[in-house]
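Asks: Can you read through this structure? Questions will come right after.
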Amino acid sequence: MKVYQELLEQAFKATRLSYAPYSRFRVGAALLTEDGAVVTGCNVENASYGLSNCAERTAVFKAVSIGKRRFKAIAVVSNRRNPVYPCGACRQVLREFNKDITIVVANRRGRVMKTSLSKLLPKSFGPEDLGRRRRG
Ligand code: THU
């Protein structure tokens with residue numbers, strides 16, 4: 001679908017801004033919001049390795065910090081041949097805002113693969129489990 005191709009293209013552009021001097025694994029993400037905006041993110045590493053932040057979380061935190069919380073899809077790409085799917089931590093962060101967000105990845109040959117968060121993170125824990133409506 002064209003919208004996913006475009007999202008992947010934005011994610012690919014974001015890999016160029018990746019700060020990954022330690023892993024050299026550049027990742028870009030592009031988050032599609034319900035109002036049609038695209039918020040990108042890249043991984044940001046740190047000399048204290050454990051503080052590195054993934055591209056997906058960068059995108060989510062950027063979006064929330066500009067007042068956007070309703071997400072439809074996220075595209076993720078890296079500078080490697082194989083597709084990259086969000087790590088466990090990022091799945092949980094995405095889940096906070098949409099437990100069934102569409103996830104789009106591609107390999108370097110342009111093969112697009114679409115899945116959903118509920119497939120990647122089934123029986124997940126989220127705000128509803130705390131038993132109250134979220135306002136934030
Ligand atoms: N990384 C991401 O940005 N997203 C993922 O889905 C997987 C991992 C980053 C974190 C780190 O900077 C580098 O890739 C190697 O793990």
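In case you wondered, yes, glycine gets a Cβ from its N, Cα and C as well.
Since the structure is predicted, the reported quantities are computational estimates derived from the model, not experimental observations.
Heads up, here are the entries from TrEMBL:
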ACT_SITE  E56  active site, proton donor
BINDING   N43, V44, E45, N46, A47, S48, Y49  substrate binding site
BINDING   C54, C87, C90  Zn(2+) binding site
DOMAIN    2-128  domain 'CMP/dCMP-type deaminase'
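Surface or core, plus neighbours and distances: that's what I need for these features.
Replies: Around the Cβ of E56 (active site, proton donor), the same chain contributes V27, A29, G41, I74, V76, P86, C87, C90, V93, L94, each under 8 angstroms and 6 or more positions distant in sequence.
Within 10 Å of the C-beta atom of S48 (substrate binding site) sit 7 other C-beta atoms, taking all shown protein chains into account.
Following the DSSP three-state reduction, the secondary structure of C87 (Zn(2+) binding site) is coil.
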Asks: By Cβ count within 10 Å, point out the most packed of the binding-site residues listed: C54, C87.
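Replies: Answer returned by the neighbour count: C54.
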Asks: Specify the count of other C-beta atoms within 10 Å of the C-beta of C90 (Zn(2+) binding site).
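Replies: Cβ-Cβ neighbours of C90 (Zn(2+) binding site) within 10 Å number 26.
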Asks: Measuring Cβ to any atom of ligand 1 with a strict under-6 Å cutoff, which of the binding-site residues V44, N46, A47, S48 qualify?
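Replies: Checked binding-site residues vs ligand 1; nothing flagged, none.
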Asks: Go through the binding-site residues E45, N46, A47, S48 and tell me which ones have a CA within 10 A of the CA of C54 (Zn(2+) binding site).
Replies: E45
Asks: Which site among V44, A47 has the most other CB atoms no more than 10 Å from its CB, taking these as binding-site residues?
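Replies: The most densely surrounded of these binding-site residues is V44.
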